[in-house]
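Colleague: Annotated transmembrane segment per TrEMBL: C:6-26, C:38-59, C:125-143, C:164-186, C:206-232, C:244-265, C:285-306, C:341-368, C:393-416, in sequence order. Look at TrEMBL and you will find C:206-416 tagged as domain 'ABC transmembrane type-1'.
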């Protein structure tokens with residue numbers, strides 16, 4: 001190590017020797033606020049806790065389309081359909097569905113002090129000395145079905161702020177009643193014990209959640225809700241040991257930032273051993289991790305090289321070091337120097353990293369290829385769209401005129417240009433609400449949006465501006481002039497954000513509307529007020545995006561379901577366009593519970609056509625994720641739904657060290673030149689001073 | 001002296017109350033507690049129940065200044081303002097809106113801030129004074145004039161240019177130092193050297209001019225002439241007599257800054273990714289975390305007042321002629 | 001047709017006030033001599049001419065017209081109208097003829113990667129443009145010299161070296177005309193990410209910088225003078241309250257106070273959409289509020305200075321004499337005190353100017369500066385940070401902001417040095 005120390009590049013941002021360990025070097029751009037799975041719901045937080053917690057199911061890493069597989073279960077949950085009386089019945093007559101989860105027996109928790117009873121009764125002095133839980137002796141225990149039930153019980157406590165409680169109440173039998181009871185009890189406890197204290201949820205029971213034995217859990221759902229399985233792959237359903245809850249509830253823990261929110265405890269492949277969200281976080285392999293091996297099966301189209309590690313034990317690496325990197329500029333620079341293993345591609349770095357090959361495919365520039373950098377890409381299960389507020393008198397409503405206006409705008413907003421200017425081509429212009437990879441998505445020409453595009457010579461062609469102008473005239477605004485005022489029609493766009501990039505986007509947007517003679521007024525505000533406006537249905541045109549919670553068309557189409565209207569629900573819906581079409585709503589209710597199949601596809605086709613015609617959104621684009629990674633980084637694959645993929649990755653640390661040394665040779669000669677110049681200036685000053693002194697002495701001598 | 005200090009300390013209390021009042025009024029005019037709840041609960045599917053729960057958990061469910069529902073003294077004390085201010089005065093900053101303990105965070109982040117600010121400050125002081133002395137040494141000559149012009153030039157360039165230029169040159173092109181980041185302990189110097197040097201460089205113009213004027217005033221006094229007449233070399237006269245007598249004004253200008261060094265530098269820290277209090281503040285402003293901003297404003301005010309009192313003490317210590325009323 | 005924004009009105013008001021005050025002050029032979037002494041220095045003369053040029057450009061940019069299409073355009077926009085329509089697709093370097101990045105084109109069924117030519121450049125005109133600019137600048141200078149023969153007689157430039165004066169005037173005219181001519185044929189400072197001309201942005205940023213630098217001081221003056229003089233003159237409890245006020249304000253870290261106030265302001269703008277009709281008006285209102293906020297947080301320094309000076313002045317013999325003779329407070333204040341404070345006020349205007357221009361950039365970086373849709377040096381620097389990380393670097397946005405910003409700050413610094421030197425009683 002001492003010898004290696006001499007060769008460390010001067011600009012190595014890590015402690016000595018870090019790059020030589022078989023760990024992944026990653027960055028996080030914002031401190032994660034919550035690591036408690038009951039409330040954490042943002043991608044950066046999930047990126048960390050998904051490596052630590054294990055919900056019952058997971059997405060198969062190398063499979064397309066997205067497929068669920070058991071994680072802590074011996075097999076996929078069994079489903080039984082029950083009638084009102086609790087007797088087994090067929091799917092279409094079901095009043096309830098019952099999911100039975102069979103746990104595997106070899107799953108154990110990571111080492112943690114909570115599993116030793118004395119640690120749950122620490123003195124105040126001992127707690128005051130703690131900075132991390134791992135300063136205490138640790139224990140472990142096997143995972144039981146009770147832990148899964150405990151997690152669902154925690155979800156029910158209102159004060160724990162679960163973001164999905166209201167959604168789950170509609171599905172899990174008895175959750176609503178339980179939640180009301182337990183939340184009240186919690187409030188009472190808080191009043192009597194101001195210092196907090198352990199709120200033990202074990203005595204409480206949820207009607208629909210039944211622990212049969214240590215390895216078996218039954219969950220009863222209202223009606224038929226096949227999407228429930230997807231929820232079971234999310235961290236909300238990750239097991240929580242009551243001992244951990246009790247441990248962190250000791251008075252004084254919270255004040256030391258010791259809580260489930262900061263020091264998670266799970267059964268997964270990693271444990272969080274360092275947590276300074278203002279600076280860095282470190283994951284180490286969990287020594288108690290159950291047997292799991294690298295997958296040996298992959299769908300077609302997956303590179304065979306990804307199967308090299310087949311059957312090897314997971315995790316394939318020695319941990320992860322996350323460093324806080326708030327700005328994209330240093331992140332990119334450090335990636336190029338080799339100090340991060342992988343990086344996304346910001347639009348500013350894009351054209352130095354990526355070029356389109358002669359066949360129109362994305363490829364890397366020679367600079368990148370020289371460095372041995374490789375890339376991954378894939379269309380995300382996400383849609384970005386421009387919404388029209390359908391309760392707005394000018395642009396909303398299902399009338400012929402307003403519809404024509406919206407269709408005209410849909411044509412004029414040239415998404416291909418947007419993608420090329422602002423995303424460098426990292427996106428696909430959307431034809432409807434469903435992104436690729438989601439059941440019901442159909443590539444053009446079948447899935448074409450006929451109101452905006454034509455299919456010519458095997459290619460998508462955007463309809464011409466003349467057609468848009470004709471529609472505008474039909475809407476009553478010939479040449480964009482509003483007959484009521486005699487001036488150009490004024491529309492309002494609710495903008496969020498203030499960066500120079502946003503400014504360029506807004507300028508572009510105004511240009512698009514100007515093509516029709518419409519004057520688009522930008523109302524820029526902060527995110528808060530933007531949300532407020534949306535909730536009150538005050539906006540007119542806005543840009544919004546939706547990221548799939550789970551790969552089911554219901555998760556996208558419900559954004560347009562009338563009963564989810566943000567105004568109709570008093571601010572709680574997700575249908576920000578307030579679109580409500582009775583026919584669409586009727587179909588949605590039917591489609592919701594159907595299994596994927598021809599019948600469902602037929603319904604979705606009709607629904608998509610309805611919204612294409614009504615145009616409550618300008619279907620913007622499906623962003624394409626693009627990640628670059630270094631040559632020493634192996635087994636990377638873009639599974640957009642899976643969050644717990646860290647365990648599959650492997651790095652060749654020796655190669656990393658070697659390359660970093662090559663790339664970061666400090667420029668020593670410049671340093672010597674600089675130092676010499678400084679010394680020269682100092683010497684010059686001294687020389688000048690001497691000369692001056694002598695001169696003065698001479699003068700004074702002369703005058704005496 | 002002691003009496004005077006106690007009076008100064010007492011005088012600080014109304015000022016701190018005023019500070020509190022101003023920030024509090026400002027912040028609740030912008031963001032209703034409902035807004036804050038929504039930000040912190042995230043964008044997806046928030047319900048009124050969740051907002052109410054959050055507000056209660058963070059103590060934002062009380063009225064601002066006046067509680068109409070309470071009785072007697074409680075109308076004033078059972079309010080958001082009173083409850084939060086009282087806690088501040090005991091330096092109990094409570095939990096941030098995202099649920100972390102602010103006191104613990106400040107303690108943790110204070111050190112990187114100090115590690116950046118203190119060397120910048122001391123090195124800057126030393127460089128400025130040395131260069132000013134050199135300029136005075138060559139006063140009214142070509143060297144002096146060049147230095148003055150250079151100082152004005154340096155002053156006229158926004159600090160942002162120094163930072164961006166320095167990062168590009170030393171990190172990206174020459175590979176001398178990491179582009180950004182931080183390591184606690186002995187390794188920290190590799191991360192701090194560039195921001196410290198840039199900080200010193202950015203302050204050079206103004207500093208050089210300030211100290212030069214100060215020393216020039218001293219140089220023209222009689223005792224310096226006497227010293228020189230005694231045959232002391234120019235450099236000795238300067239470093240012995242002029243510097244010593246110039247110390248008092250230097251002290252008064254400098255001491256007031258020292259406590260505020262804890263607050264860190266907003267721009268430097270966020271450019272160089274140093275996890276100090278400056279970047280903490282910026283994040284809080286951008287994330288609209290009221291609890292943190294309030295705590296930082298309070299802390300800043302306390303440190304500023306501490307600086308003023310320290311200045312007085314320093315004054316008395318350096319110049320016994322100064323008396324306190 | 002003419003549609004003045006709030007800041008337009010204020011900046012013109014400021015200019016008119018300065019002109020009136022200048023006339024009044026110039027009547028006093030002593031003051032006039034002082035000013036003439038200021039501009040006896042060649043550096044001060046050059047600085048003043050540069051500052052006046054910036055101010056003129058800002059003023060030109062502060063007369064807005066409502067165009068037929070409902071857009072607001074300033075006189076400066078009309079002069080540079082050709083640049084408004086000359087946007088390219090994306091980045092291009094200064095004086096480039098082709099785009100900076102390669103794009104994909106389909107040619108004969110083949111996909112190629114090429115640098116596309118720019119749409120709005122006509123190469124090969126540089127020397128002609130420069131020659132023409134030199135000729136025109138000489139003409140303008142010659143005409144002014146003929147037209148105003150007694151230019152130096154009594155004005156404040158009476159003692160400034162003529163060669164320097166006319167040389168600088170010629171230089172400024174030459175640069176302006178050359179830029180204007182060249183901008184017809186090239187993108188002199190290149191184009192930004194969406195192809196807008198960077199020179200145009202830098203020139204438009206002048207108004208923002210100058211307005212923040214001047215209006216802030218103007219808006220805080222009444223407060224600073226009123227409170228400072230009151231505290232120093234009346235002493236007692238008035239003094240206590242005013243001191244409490246500024247100590248409290250001073251104790252709050254400046255950036256935090258500004259940030260908080262800017263957030264309040266944004267909220268206010270949001271709840272009153274009827275205050276403005278367009279993006280430009282909204283940005284303008286935000287600028288106005290920003291100067292107000294900056295003023296509110298920076299009056300304390302001047303106030304303290306004025307208080308101390310007033311304390312000194314009110315003890316001076318002729319003031320005590322006036323008081324003994326039974327002169328009212330108002331008379332004493334207006335006659336004897338305020339006029340003697342004016343040099344302090346003036347110095348602080350010039351001194352603060354450069355600081356405020358620099359502050360704008362930092363505040364914008366922190367996210368509490370001017371509106372992001374507004375052209376400003378801060379916004380340019382902000383954008384440039386991302387560009388500098390590119391390989392190869394896009395340096396021209398930063399360079400343009402650097403040149404335009406540093407020049408005006410340098411000029412202001414040099415001038416304020418000189419003014420201080422002349423007006424500081426210790427040097428007199």
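The backbone N, Cα and C atoms fix where each Cβ goes, glycine too.
Unlike curated records, TrEMBL annotations are generated automatically.
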Colleague: Same chain, outside the transmembrane segment (C:285-306) by at least 6, Cβ under 8 Å from its Cβ: which residues?
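Modeller: For the transmembrane segment (C:285-306), the sequence-distant neighbours (Cβ-Cβ under 8 Å, at least 6 residues beyond its ends) are 6-7, 10, 208, 211-212, 215-221, 223-225, 227-229, 231-232, 242, 246, 249-250, 254, 257-258, 261-262, 265-266, 268-269, 275-276, 341, 344-345, 348, 352, 356, 359, 363, 369-371, 374.
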Colleague: Where among C:6-26, C:38-59, C:206-232, C:244-265, C:393-416 do we find the most Cβ pairs under 8 Å to the transmembrane segment (C:341-368)?
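Modeller: By Cβ pairs under 8 Å, C:206-232 leads among C:6-26, C:38-59, C:206-232, C:244-265, C:393-416.
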Colleague: Where among C:6-26, C:125-143, C:164-186 do we find the most Cβ pairs under 8 Å to the transmembrane segment (C:206-232)?
Modeller: C:6-26
Colleague: Of the listed stretches C:6-26, C:125-143, C:393-416, which one has the most C-beta pairs under 8 A with the transmembrane segment (C:38-59)?
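Modeller: It is C:393-416, which has the most Cβ pairs under 8 Å.
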Colleague: May I ask for the residues of the chain that lie six or more residues beyond the transmembrane segment (C:393-416) and have a Cβ under 8 Å from a Cβ within it?
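Modeller: Same-chain residues near the transmembrane segment (C:393-416) but 6 or more away: 43-44, 46-48, 50-51, 54, 91, 93-94, 100, 189-190, 192, 198-199, 201-203, 205-206, 209-210, 213, 347, 350-351, 353-354, 357-358, 361, 377, 380-381, 383-384, 387.
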